[in-house]
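Please read the structure below before turning to the comments.
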């Protein structure tokens, strides 16, 4: 009898605990559905995805050259033993004869990610515009997870090349959809700049901390451990995405607006200027990364740890540049173009001073200047892309941030292949002077953007800029959403907007819902 009473008590206690757990789960689910809390979680998910992508991009820098050299030497010894078992002739000349071939292999391996990303981005941007941001982000994380696992267990050059190329495919989806999702969730310009600034800080942290992280773990734990750690974090980020956003249960995807095609965005003069600036400002970083270690070794007699830590101090001025630009943009939003132009001048001046450095300590200052300038340009111009889409096109951001990703990919695809040839043919000094001059000369082009902040979406402007009008289904959805947001407030007005040219945008006719809602929020 006592045993039955004890069993009943245990059962009752278990039921109470299960009920409490169910209640807590329900409360957690309710909390996650809160819009403000959900977009903070989305920002965390995107930042972790960007961190992982850039860590995987840079973690191979201290690992792969050494690993490929070991593979090359083992293969050389093996082939020599098989072909010439009774002689040791030419054994010492084998590594020297293969050194140039190894350098080419490393350069192609490093560039393959950016090249594939460059090729896939036009398709991924269109895909993101059609299906939304969550599913492409999940696809990108899944591909990056597979790529990282392949890196961990690859034992030959072909498999490493496949893993590196696969990472470019994942980046084309994860990076573009992640940045576009931030722009979509944070619609106020100040909030958007702040959120994109946080994302850029994670990108910088991933790029700069990855080489020491990979080098230390490779030295003490082997090749597989750094990639297994990154794969685990990638998997956790994907699970969090599935839990919070639930991409496959979102029914509003059927009513997605039709975004402006990517080829139309590319010929928009304002977007073209921004894309050009993003490419030019990243050229010094992309070209110095594969060349500066050899230059330090030959001109400074730098040690391995000095070459490994070359870029790490630059993380702090990069974060400082992001912080300063976000604060200035909140106070003076009409000067975004100036912050970008100033950043390009700083990059140009810093790049020109790199060859004059004689010690590792001196080299830190121009590298910090380059990263500070890149932070100014990126933090000022990435929100500008979203704003341009809002006021000149349809507020769907997949294609426009695919263009931004293409801009980065152009620089990083050329870097490992072109930079080495320039140094070989012209010299390291000429490379830096050329990069600096290009940045300084491009800075005045950003004057084109000085009146962007004064743009307002108008009916006449949309008719001029877009061959096709907005879709009625999307206009209806946006109208209903806006009515819900303005519940309890009057939604009627007797004032008709006047476009930037000073005449009535509606030529005396009443404005339809399609005309009002399709052009996005108004900005002053």
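Here the Cβ of each residue, glycine as well, is placed from N, Cα and C on the backbone.
Of the listed segments 78-97, 98-117, 158-177, 338-357, TrEMBL assigns transmembrane segment to 338-357. Range annotated as transmembrane segment by TrEMBL, chosen from 9-29, 429-449: 429-449. Scored by C-beta pairs under 8 angstroms, the transmembrane segment (308-326) has its highest count with 363-388, from the stretches 195-213, 265-288, 338-357, 363-388, 429-449. Sequence-remote contacts of a segment are chain residues at least 6 beyond its ends whose Cβ falls under 8 Å from one of its Cβ atoms, and for the transmembrane segment (135-154) they are 45-46, 49, 52-53, 56, 60, 124, 127-128, 160, 162-164, 166-167, 169-178, 181, 223-224, 227-228, 230-231, 234-235, 237-238, 241-242, 247-248, 398. Proximity of the transmembrane segment (363-388) to the transmembrane segment (195-213) is established through 3 or more Cβ-Cβ distances under 8 Å for residue pairs spaced 6 or more apart. Touching of the transmembrane segment (400-423) and the transmembrane segment (338-357) is ruled out by the presence of fewer than three CB pairs under 8 A, sequence neighbours closer than 6 excluded. Most Cβ pairs under 8 A with the transmembrane segment (195-213) among the ranges 41-64, 225-245, 338-357, 429-449 are made by 41-64.
Of the Cβ pairs linking the transmembrane segment (265-288) with the transmembrane segment (429-449) and spaced 6 or more residues apart, 3 or more are under 8 Å, so the two regions touch. For the transmembrane segment (429-449), the list of distant contacts is 269-270, 273-274, 276-277, 280-281, 283-284, 287-288, 291, 336-338, 340-342, 344-345, 347-352, 354-355, 373, 384, 419, 422-423: same-chain residues at least six beyond its ends, Cβ to Cβ under 8 Å. Residues 32, 38, 41-42, 44-45, 48-49, 52, 55-56, 59, 63, 134, 137-138, 141-142, 144-145, 148-149, 151-152, 213-214, 217-218 of the same chain, all 6+ positions outside the transmembrane segment (225-245), place their C-beta atoms under 8 angstroms from a C-beta of that stretch.
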